[in-house]
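Reading through the structure tokens given below for one structure.
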Amino acid sequence: MTIFDNYEVWFVIGSQHLYGPETLHQVTQHAEHVVNALNTEAKLPCKLVLKPLGTTPDEITAICRDANYDDRCAGLVVWLHTFSPAKMWINGLTMLNKPLLQFHTQFNAVLPWDSIDMDFMNLNQTAHGGREFGFIGARMRQQHAVVTGHWQDKQAHERIGSWMRQAVSKQDTRHLKVCRFGDNMREVAVTDGDKVAAQIKFGFSVNTWAVGDLVQVVNSISDGDVNALVDEYESSYTMTPATQIHGEKRQNVLEAARIELGMKRFLEQGGFHAFTTTFEDLHGLKQLPGLAVQRLMQQGYGFAGEGDWKTAALLRIMKVMSTGLQGGTSFMEDYTYHFEKGNDLVLGSHMLEVCPSIAAEEKPILDVQHLGIGGKDDPARLIFNTQTGPAIVASLIDLGDRYRLLVNCIDTVKTPYSLPKLPVANALWKAQPDLPTASEAWILAGGAHHTVFSHALNLNDMRQFAEMHDIEITVIDNDTRLPAFKDALRWNEVYYGFRR
């Protein structure tokens, strides 16, 4: 069972009584056939539920009102099978607060050249019925997605499925609670921000709990539960000699397991699905949570270090969006560069907290080594390299008057050396279009040093996310040129200034 099983998307057909009962009966039959086929064959992440025809303003308004109040409804897919006068939709769309996709399709794939008549033309009017619906969306300045293609087309299926992921993610975000253990890393700017504005814009709440509250729960974990979890470690990871039974760091592994169990219990009891820690607020914990955080991220929790609640929330959102897709998604940080002409590289990592969902190795190494930050016992961590291939890094920043999402398309590559003295998980990548352009554009746009790294999601996914939440997006990819990028930042400043 996944999060998508908790939601459904309503399939709404627009028409009108002008065409008579026989035509409306045919429309209903077509709709039932299409919905059944999509649910059976399209591999959509959640179920489509066909609603009664929308043929009057009152019927359409009732559907939109019901969608708002049904927690299982993640959004609406609308098909204008015949012409449906768009003034009938105004009241419903005015109140609709769920994501909306217009499926611009028709029942037949090809025209019946020899038999086509006016009855056929009147029944199959998506071509201009969809344009009428599009006008009212534009007139009302209402953001909605449009997918054009036959309902049996695989590309249309993929696009609808991708939108469904966004819609479910948006619903989940409205219920998301972010727990901050301690505050921000002191004096850091980008990890701070307006939590009230974030809740208004995205729906997630952010609150702080004292580390002592967490320590209380950690200390309540039984030795039996700790030992059972360590047994799981033994079967899941390659244990270094120091972490094995009778190893000199075995106690550190036991303590890491206790912290993991305590953190998970605290998060479950509070209904949290994202959290932050900071090495400056560890009072009462014996080590910085490294292994615990890595494993919790792999279970779907959002996380970011140093109190960075925006990145923690974004990671959770992207984890939901990518559920069931190939590839992983993780907290990440641009750590250091490799400057080599024609082969500039970025080494991404963090002190400890990189999610194993992006690991190249089937069994990462579990080790305990010294950490010079935090002043605590040596922490346990998983060490691995990252899968290769196309990926993205994304950052959500607070500009005061708006939120900006930055996305850099990257290509992860195999680490050419074993890095024997680097005891942390890492990712190595080439930034598009090149490191100088990508880094300068990122800096000019105010991108954070913390990001969400994903093999599972792509630029189109993040564009949809930005559109659905009505936030600015700046893209750095192979098409980026700095003069045009700077111009776009200036134009965005004017555009969003007018919208205040």
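Every residue number used here counts from 1 along the chain in the order it is shown.
Positions of Cβ are set from backbone N, Cα and C atoms, glycine also.
HIS350 is the only one of HIS350, HIS469 that Swiss-Prot places in the Mn(2+) site (with GLU306, GLU333, HIS450). DSSP assigns GLU306 (Mn(2+) binding site) to coil, not to a helix or a strand.
Here the Cβ of HIS350 (Mn(2+) binding site) has 22 other Cβ atoms within 10 Å, regardless of which shown protein chain they belong to. According to DSSP, GLU333 (Mn(2+) binding site) sits within a strand segment. Taking the centre of the Cβ atoms of GLU306, GLU333, HIS350, HIS450 as the Mn(2+) site, the nearby residues of that chain (Cβ within 8 Å, site residues left out) are ALA304, GLY305, ASP308, THR311, PHE331, MET332, MET351, GLU353, HIS449.
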